[in-house]
Amino acid sequence: MRFILLLFAICVAYAKDYEVKMLDLDKQGNTMVFEPGFIQIQPGDTITFVPTHKTHYVQSKLIPDDAEHFLSELDERATFKFDKEGVYIYVCPPHQMMNMVGIIQVGNALNIQKIRDSVPKLDRRAQVNRGRLIEYAKAIKE
């Protein structure tokens, strides 16, 4: 029993917190963008979404089976913990038509086929910044 508690404590101690910024404009001149747009983390890690301008929030769009959807408040920092392995696609709902999207890979890409099938359809819905989601998806490690 002590071994299990020690193992749990070690895992918790090594969990990391990452930050994703919600930007109107990044340093390269890209509009309505998450920075970074693709991030790979491990199960148990957390991500804090930081709105740097008004009218941004984050909402999960596609998630692995049995994972929990996430949704932040408008113009508020929000931290979410990711325990389920797989690929998560998220959006800024007010700016989804501008392809303000991002991808999180947690551990292994267990739901890669679902992501492959969905990315082109989601990207086509954008009025501007088309191709952004497709580029992010190329970073997924299988």
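Glycine residues also receive a Cβ, built from the backbone N, Cα and C atoms like all the rest.
Here TrEMBL flags 25-106 as domain 'Blue (type 1) copper'. The Cu cation binding site feature in TrEMBL is assigned to H56, C92, H95, M100.
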DSSP three-state assignment (helix, strand or coil) for H56 (Cu cation binding site): coil
Just to confirm my parser: what is the rounded mean pLDDT across the domain 'Blue (type 1) copper' (25-106)? 98
Name, in the order they occur in the sequence, the residues of the same chain whose CB lies under 8 A from the CB of M100 (Cu cation binding site) and which sit 6 or more residues away. M22, M32, V33, F34, H56, V91, C92, N129
8 Å Cβ shell about H56, C92, H95, M100 centroid, Cu cation site members excluded: M22, M32, F34, T55, Y57, V58, V91, P93, P94, Q96, M98
Based on DSSP, name the secondary structure state of H95 (Cu cation binding site): helix, strand or coil. helix
So, by DSSP, how many helix, strand and coil residues make up the domain 'Blue (type 1) copper' (25-106)? 6 helix, 37 strand, 39 coil
Set of same-chain residues at least 6 away whose C-beta sits under 8 angstroms from H95 (Cu cation binding site): M32, T55, H56
